[in-house]
Amino acid sequence: MAPSAEGASGAPTPEDLKLHQLSQKYTAEAAKRFRPEGLGQFIRLKEVGNERFRALAEDPWVDHAALNAKEPVKDGSRYKFIILGAGYGGLLYAVRLAEAGLASGPDDILMVDAAGGFGGTWWWNRYPGLHCDVESYSYMPLLEETGYIPKSKYAAGPELLEHAYRIATQWKLHDKALFRSNVKTIRWDDESRLWSLEVTEGRGPGQQSRELKLQARYVLLASGILTNPQVPKIPGLETFTGPVFHTARWNYDVTGGSPTDEALNRLEGKRVGIIGTGATAIQVVPKLAKYAKELYVFQRTPSGVWWRGQRPTDPVEWKTKIARKKGWQRERMLNLDSYLTDAAEEGQENMVADGWTEMPAFSAVIGSPRHGIVEPTPEKIAEHLGRLYKLDLPHAEQVRARTDSIVKDPKTAAKLKAWYPTWCKRPTFSDEYLQTFNLPNVHLVDTDGKGVDAANPSGLVVADKEYPLDILVLSTGYVTPSIGGGSPAVRTGVDIYGRGGKSLDDKWQTHGAATLHGVCSNGFPNLFFTPLSQSSQAANNAFTLDVGTEHIVQVIKTAEDRVDGDALVEVTSEAEEAWSFEIMKHAGWFASVTGCTPGYITSEGEALRKSEDPMEMAKRARSGNLSQGMASYMKLLQEYRADGSLKGFDISSRA
């Protein structure tokens, strides 16, 4: 559905006509990229049939000897809390539990992660050029509590990984983690009223894995949104004979350098290809271009690239303007979010003042408190889309004009322009990427939305032209967290069975999302998950994690205090249905994605497919979010917790 070409008086204005023409251009560009297989055009790296490619998913950073030297977790061990994930989300759970007085004993917490250490996405991703794309003062968790001062406005990958270890050290979590481990099943035992987990712990090459059965009173799911690298199903890809790797598992043995040394000297004299032009490639491409003899950038959909403005942290500014009072980091998160949700008040201080704060139309996918609920009628949705397109137009045109001003070759510049609304793909920021295409050794291979046609032993094929390569880099992203309707079980990659052996995934597939506040589901007592569906999201994922973990831990704390410890906490079916109905009322807002190009946000277009099945339509609506933005969601949760009643939960003593 496109915004209407008619103005308020009924006659189209010049701006209305321009917006209508733009929406038609967007629609045409999106149509080029739709593929009937949707998510099926990709496969998880660890599930690729070819053994050589499947091995690319293995952990290149793990120190097996050091981990094997630690005292092993005993089979049959029981914990108060088992947290699945040891990235920033899992660490926030552990810290919040400790600060609430819920986890002071040696067997109170166990964090389980497939990685070889703390850090989550910052453990796995160590590619050259890696930085967080959100300001580090707002993104890096617990800065106020640790007293750490980031080195620059946008922290580099090694610093982000180091910060995870800083948190683990300060809260003494090093001996409360089980790494290299995959949880296969989580099953509720009605008799013991405990969760039973089947876990496989890897021990490294030549070592037999350990099969463990663990028990927990509470299970907290902290799986991230960038955890499962995917690769496109390009015919013949497995026949390519040169080195190949995914950006999420960078191979410095091939490129030279290291995570802290971006001198990729082994690329000298090499023809390098990189597939993908998303948020990762924006950072990687300039680094590859410095050393490769020839660099070929294979593009399906260009990214909109805005200015970055990286700079070192000024100690005086930090003390006087940033960390100036208690609660400064939450305030800064809220301030950034207000600009992205079109909620900034006239004259308010712009604390972050970067490219993110110049795109209020991003509210199209995260919500805004400014406009209320959008009625799901054709007229109201068209009006809503028209307002969003109008809001986005100045910024979108500036982004495209910036491309023209930087890229010297007009044909290349035209191919690098993003013809879709700002909110359809993760916005990117760089003061190097576009400039790279002015270098004589860098070649843009635009596939006009089709993607790479095929691969052979010596390179890639696009539009019947072969591009010989020595090395191939896959910057092809991650499995969308909304796969499986956003089921926490699918997202975590674990089979979860609640009361009576009921499968959490089956519940999602049959009825759609069913939660209270997006964090727990009836039939699965003492199981909580980080908000995704039926909650709210922020461009700054650390804000989402901060709000979600705070709420979950406070709910548990209140329940434990009520029964003097050993609580059983379960949302009622009535409460989750009432919450699901509330979520469905907000679905009209997210019609904003109807004009989007296929990608991560739209599940490669699957979220845009029309359905006449009322059940399917209801399931989709239930899987949405609140449309007023993260600040409104946070306030709702705070008000909910304020009276201490925990309305909608059944709370009893487990004993």
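Any Cβ shown, glycine's included, is placed from N, Cα and C.
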TODO: Could you pull the disulfide partner of CYS596 out of CYS424, CYS520, going by Swiss-Prot?
DONE: CYS424
- [ ] Name the residue, out of THR255, THR260, THR301, that Swiss-Prot lists for the same NADPH site as THR277, THR280, LYS425, VAL452, TYR600, please.
- [x] THR301
Task: Candidate sharing the FAD site with ASP113, ALA114, THR121, TRP124, CYS132, ASP133, TYR139, VAL183, THR492, ASN541 (per Swiss-Prot), from GLY89, GLY206, GLY518, GLY565 - done: GLY89
Open item on the list: Return only the integer: C-alpha distance in Å from LYS425 (NADPH binding site) to CYS596 (disulfide bond).
Closed with: 8
TODO: Give the distance between the Cα atoms of ALA114 (FAD binding site) and CYS596 (disulfide bond), rounded to the nearest whole Å.
DONE: 34
- [ ] Show which residues of the chain containing GLY89 (FAD binding site), separated from it by at least 6 in sequence, have their CB under 8 Å from its CB.
- [x] GLY120, ALA222, SER223, GLY224, THR530, LEU545, GLY548, THR549
Open item on the list: Rank aside, I only need the closest one: which of the recorded positions VAL183, CYS424, ASN541, CYS596 has its C-alpha nearest to that of THR277 (NADPH binding site)?
Closed with: CYS424
Task: binding-site residues compared (THR280, THR301, ASN541) - the one with the fewest other Cβ atoms within 10 Å - done: ASN541
Task: For THR277 (NADPH binding site), the number of other Cβ atoms found within 10 Å of its own Cβ - done: 25
Task: THR280, THR301, VAL452, TYR600 screened against CYS424 (disulfide bond), Cα within 10 Å - retained binding-site residues - done: TYR600
Task: Between VAL452 (NADPH binding site) and VAL183 (FAD binding site), the C-alpha gap once rounded to whole angstrom - done: 35
